[in-house]
Amino acid sequence: MTLASVAQAVLLSLTVAGLYAAIAAGLTLTVGVTRIINFAHGEFVMLGAFLTYFLFNQHGVSPWIGMVVSGVVIGLFSALVYRVFLARVLKHDEHNQLLATLGLSILLVNIAIILWSPDPRVMQAPQLLPALQLGGVTVPGNNLVVAGVGGLLFLALQYIMRHTRYGTQMRFASDDAELAMHCGINVDRIFELSFVIGGVAAGVAGGLVALILYVHPVVGLDLVIRAFAIITLGGLGNIPGALIGAAILALAEGLTSTFVPHGGSFGYGIAFLLLLLVLVIWPNGLFGKQAHS
Amino acid sequence: MWSHLTRLVGAAAMAAAMTLPVQAQDNAPIKIGVPLPLTGPLAGAGTQLQWGIEYAAKQANDAGGVLGRKLELIIEDTKGEPNTSATVAAKLGGQDKVDAVVGGFGSTSDFALLSAIQRYNTIFVHPGSSSVRLEENFGKNPWYFHVYIWDYHRQKAAVNFFKSVPDLKTVAIAYEDKLYGTDGSNFTQKFAKEAGLEVVMNEPFRAGTPDFSPILNRVKTLDPDVLFVIGYSGDNLQVARQALQLGIKPKLIVTQGAGEKRSDYGDAGDNVVVLDLWSSKQKTPGLAEWVEKANIARGGEVVSTAVQGYTAMKTLIDAATAVGKWDRDAIIAKLSEMTFDTPYGPVKYGPSDLGGLHQLITEKTMIAVQYQPNNEFNVVWPADKAAAELVYPAR
């Protein structure tokens, strides 16, 4: 183990954390505000990845623009899903919501398989930024993009939640929907807004997936499992918690894989063991509301 | 007299009526069950196999059918799920009463398919699935014919390929950590040891992982003569791409073909070697003409999986034709002894290592394809099928 190998592992893990954070931030916002456990969030990411991929491969659209377009399109798609589907389910039992989003997830995966086949596709995009070279350490340019965009997405969501009227209303509705309604807040509209913002984040995160991973119909499944772990670790609804949770998970995976023999297999398990330990000590996650109170 | 004539006509009519079903049966289509995963995660391979099976059947039907009877394919979607596969098997065997089955893909679901269908003793020609559990459980049945390789054939071929490269002594293995990769790693280590090769790294990874840098950095330190990746197509692509991005250049990257295409790799694929069952560019007598016709019929490039389906169907058609009538036992005997002219070259069913009676493709059929710049590729091993020399070391 050398300093360079440690630095390499840490830096690359942090760029992967950017991807995890981008996916988890949108999910934690949706879950925190609407209380909808959206299993289809991973498929929103998958659709964003396919959109960015097709825009680049078939129309030569830069992945920078592709990510923005994906964010907008998946945001609109989320609005559609919310209005025609989830708004009705929200009025019923929580189990119905779980099954509904799980069903939506399976439906979207199968539609993607029918439309685009299960084969993985690689977006042969050029490096959008020059690689970072520090002695023997290399961080590819597109990994830097992922870390940067993941960070920007986090800052944008934080700004919306902390410094805008809608953010205040979202937090209010999240704390007590009934009281918020009595105070004149259109809770249904606020829920929809938070779901759409989560969708926009998922679309942008999909663009990041296309940039450093590969695109296929089930790419969202594994990523959304990590995202659920991250938001549980960070505390449901807590966006900074999602960022820190993503960093913890990615570092646990990356460092175990790098420095423990056969760690590539159980690095993922170590990350979830960490999650279990945290939940035993802080049942609401590291930054969950009740933990603070 | 009239009454006598009436009796004669009546008897003739009855006799004619009695022979009608026999004649109808003689001309009735031969029913072939085709269970495949056509939706779900395995649908990609399933639809390729379906095309190959249909193409072989269409060729036979266009030429007047088999033994003067048309082939009727009863295609059923197993979804790659065990429960659905068992239901499909009961329908094909019990309700449709098919004359033979050509299909199956996905080891887990095919285990259920075969478990359910074995009670019908139908001839079963199996173009897909490689788990040795299938070989151990069903391979000894006289009605079971397996086209695709078993798990260990790939690893034997890989080690045979490594042995063919002068100066290749050390092997680093990166494998996906479930059944497919773990079995592959175990067999590779076993065969490599027997061949006198040193395995300097044997690292698992989780399929779909976004970051292969831990494995690639170890490879950089160890500098093995070959990095052998046993993963799914997405993993193979990601390893090659990340190696390029991180500037890590192993002497040679070898992957097991899992459905990915040359174009999927882009520049990252240059000099990567893929072990596969078949390539349109391999030197096999008569292959160029077959590929040309098949590509036109397909409306695109025919891939290896489609050839598996085609070969499975063709062996059944050829055996039935050679027998001269639809006689189950005689066809089984003919399938067991005949040599078939296929896109792989001349092949015949024979015993396999873990007790299987009828195995068509083995490590001897397999090839190594090396990707070249500008989206090109060429077969580089074995020598009798190679169209180009291996570039080694590839950095």
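We count from 1, first residue shown onward.
Cβ atoms are placed via backbone N, Cα and C, with glycine included.
Feature annotations, courtesy of TrEMBL:
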{"type": "TRANSMEM", "residues": "A:6-29", "note": "transmembrane segment"}
{"type": "TRANSMEM", "residues": "A:36-56", "note": "transmembrane segment"}
{"type": "TRANSMEM", "residues": "A:62-86", "note": "transmembrane segment"}
{"type": "TRANSMEM", "residues": "A:98-117", "note": "transmembrane segment"}
{"type": "TRANSMEM", "residues": "A:137-161", "note": "transmembrane segment"}
{"type": "TRANSMEM", "residues": "A:190-215", "note": "transmembrane segment"}
{"type": "TRANSMEM", "residues": "A:227-252", "note": "transmembrane segment"}
{"type": "TRANSMEM", "residues": "A:264-283", "note": "transmembrane segment"}
Worksheet item: Mind checking which residues reach the transmembrane segment (A:98-117)? Cβ under 8 Å, same chain, six or more beyond either end.
Response: 36-40, 42-43, 46-47, 50, 81, 85-86, 89, 217-218, 220-221
Worksheet item: Which one of these stretches, A:62-86, A:137-161, A:190-215, A:227-252, A:264-283, has the most C-beta pairs shorter than 8 Å to the transmembrane segment (A:36-56)?
Response: A:190-215
Practice prompt. Determine whether the transmembrane segment (A:190-215) and the transmembrane segment (A:62-86) share at least three Cβ pairs under 8 Å, counting only pairs 6 or more apart in sequence.
Written response: yes
